[in-house]
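A.B. asks: This structure is in structure tokens; I'll ask about it shortly.
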Amino acid sequence: MRTGFFLLAAFVAVVSGSPAFRNLLVHEQRRDIPDGFVKSTPAPATKMLNLRIALTQGDMAGLEKALFDVSTPGSALYGQHLTKEEVEAFVAPSSESVSLVQQWLAANSITAQTISPAGDWLQFSIPVSQANTLLDADFTVFTHPETGTTLTRTLSYSIPAELIGHVDLVHPTITFDNPHANLPVVVSPKVVRPSSEEVPDLESRAVPSSCNTAVTPACLQAMYGIPTTLATQSSNTLGVSGFIEQFANQADLTTFLKSFRTDLSSATKFSLQTLDGGSNSQTASQAGIEANLDIQYTVGVASGVPTTFISVGENFKDGNLEGFLDIINALLAESNPPQVLTTSYGQNENTISAALANQLCNAYMQLGARGTSILFASGDGGVSGSQSGRCTTFLPTFPSGCPFMTSVGATTGITETAATFSSGGFSNVFARPSYQSSSVSTYLTALGSTNSGKFNTSGRAFPDVSAQGQNVQIVLEGSKESVAGTSCSSPIFASVIALLNDRLAAAGKSPLGFLNPFLYSAAGAAALNDITTGDNPGCNTNGFPAKTGWDPVTGLGTPNFAKLLTAVGL
Ligand SMILES: *[C@@H]1O[C@H](CO)[C@@H](O)[C@H](O)[C@H]1NC(C)=O
């Protein structure tokens, strides 16, 4: 009887309320073509577009509160991370949103697939001609002459009036991927290695002077007090994101360990996870500088922590933002995602629509609530963002402006100073979260009128922390190379967190999860080495100066392992 009743009710609803979807309203638009791109030709009518729809999520304010409850030291719920089902209950769109969007798609003979565990993202393929009509869009080919990248995008699109409040965004539409991925900025000529007599003495913890010009795992162990002993907890894992067909080479890792971690088994391996058609070619010449760096400074620093290289393929071809979302959705679908995820890719915030930036940031909120620490490199163009050149106002990077991840800047030298390329600044999309308001206010007061008008004083400020990022020694295609970039700093800081999580797990405690409320607490900040010199020039300015306390070049500072152990209660 009940079944009959519901069926009848549903039937009545469809008949009486069936929306026409005729009145299209502009939903997102961009005024300018992002710097470096030029408009080419109208997109061919028959070209297929892979479109994604983000449905309005259920209760993100509730999830945000839950995230801070489990991530803020001293809170009654600290460390009690949410289950997969608990997160999905917050995120899932309303049944009304799901039903309206499905009716709209069905009315246009479109069948969509659900691509996120909470059901908030749908995907389908349609030709350009249909997309232009469906969304009142003008899909056009844009080229980026400097890199040869081509993208099919529209500068504006609309959705039916009935879907306002139910559809958050359609992608890819007005968001342009930055063709410059966040890769190491400098590859200097091959360095001459210190002779064996100069190999650092791990017992004494003295920092050898060679660390000024050649940073190795031993240098980091000496500078930051990172333990050389093996982690003991197999349940504690570390994930390394791989994009744009950057492959991590096992033979290079073995050579790296033989050179720089003679105390570790040179047979130490990383595991591989793939999605979106990703792979990990072991052909020597296909080893990626970024992927090798990221794997060598996780496996080679987080001694004994099981490490997984997550290779996201290029099924979508035009950029990596789809991959940015897919990797998080893949981890959200797991019952035990890695407790730490490090990513050394990013782009300028102004190329991404605010709605998409918000959606990606919400994905980090979800994974953080599950207990994963999410770290990203802050970018390598100083205040000019992700290696961009021209700018009149400072260019914040994405996702560093997202308040639910940890942004890592770079330092250099044994007496650490800010690395000049270390990106930092203030988001134009995300407001300043309360955990950093007092640290950032102190900085802004000390800064005075410097750079006034060139940055958004109310935005989420980054980076949060920093680590060595210059003269970093890696092995690529069997040879030693020296690289620089915040790409070095993120895996190093992530390794420190993974080793802390190993000790916490051994003591029967929860992993650190979303780090920032802890890092900005008095105990957290006191466990970091405050970096007070250097700056990050760009946009024809000297950028921001590092200062006592938090600053937008080195964040709160670099890790001190012993103090961090105490600060986390060990
Ligand atoms: C400054 O940041 C806020 C978020 O804190 C944002 O709402 C505002 O639009 C930004 N201003 C500009 C000029 O981008």
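Yeah, the Cβs are placed from backbone N, Cα and C, and that goes for glycine too.
Sequence annotations record features per position, and here TrEMBL assigns signal peptide to 1-17. Annotated domain 'Peptidase S53' per TrEMBL: 214-570, in sequence order. Taken from TrEMBL, the feature active site, charge relay system applies to Glu290, Asp294, Ser487. Feature annotation from TrEMBL assigns Ca(2+) binding site to Asp530, Ile531, Gly549, Asp551.
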A.B. asks: What does DSSP call Glu290 (active site, charge relay system) in the simple three-state scheme?
C.D. replies: helix
A.B. asks: Can you tell me how far the Cα of Gly549 (Ca(2+) binding site) sits from the Cα of Asp294 (active site, charge relay system), in Å?
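C.D. replies: Checking the Cα atoms of Gly549 (Ca(2+) binding site) and Asp294 (active site, charge relay system) gives a distance of 28 Å.
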A.B. asks: Which of the three DSSP-derived classes (helix, strand, coil) applies to Ser487 (active site, charge relay system)?
C.D. replies: helix
A.B. asks: CA-CA, which of the active-site residues Glu290, Asp294, Ser487 lies nearest Asp530 (Ca(2+) binding site)?
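C.D. replies: Nearest in space to Asp530 (Ca(2+) binding site), counting only the active-site residues, is Ser487.
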A.B. asks: Of Ser487, Asp530, the recorded positions given in the record, which has the fewest other CB atoms within 10 A of its CB?
C.D. replies: Asp530
A.B. asks: I want the residues beyond Asp530, Ile531, Gly549, Asp551 whose C-beta is within 8 angstroms of the mean position of the Ca(2+) site's C-beta atoms, in chain order.
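C.D. replies: Surrounding the site, in chain order, are Thr532, Ala546, Lys547, Thr548, Trp550, Thr554, Gly555, Leu556, Gly557.
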A.B. asks: My understanding is the cutoff is Cβ-Cβ under 8 Å with a sequence separation of 6 or more in the same chain; which residues meet that for Ile531 (Ca(2+) binding site)?
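C.D. replies: Non-local contacts for Ile531 (Ca(2+) binding site): Thr411, Glu416, Thr417, Ala418, Ser466, Ala546, Asp551, Val553, Thr554, Gly557, Thr558.
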A.B. asks: Expressed to the nearest Å, what is the distance separating Ser487 (active site, charge relay system) and Asp294 (active site, charge relay system) at their Cα atoms?
C.D. replies: 7
A.B. asks: My understanding is the cutoff is Cβ-Cβ under 8 Å with a sequence separation of 6 or more in the same chain; which residues meet that for Asp294 (active site, charge relay system)?
C.D. replies: Val240, Ser241, Gly242, Ala248, Phe309, Thr342, Ser344, Ser487, Ser490, Pro491
A.B. asks: For a quick check of understanding: among the recorded positions Glu290, Asp551, which residue's Cβ has the most other Cβ atoms within 10 Å?
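C.D. replies: Output for this query is Asp551.
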A.B. asks: Going by DSSP, give the three-state secondary structure for Asp551 (Ca(2+) binding site).
C.D. replies: strand
A.B. asks: With every protein chain in view, what's the tally of Cβ atoms within 10 Å of the Cβ of Gly549 (Ca(2+) binding site), excluding that atom itself?
C.D. replies: 16
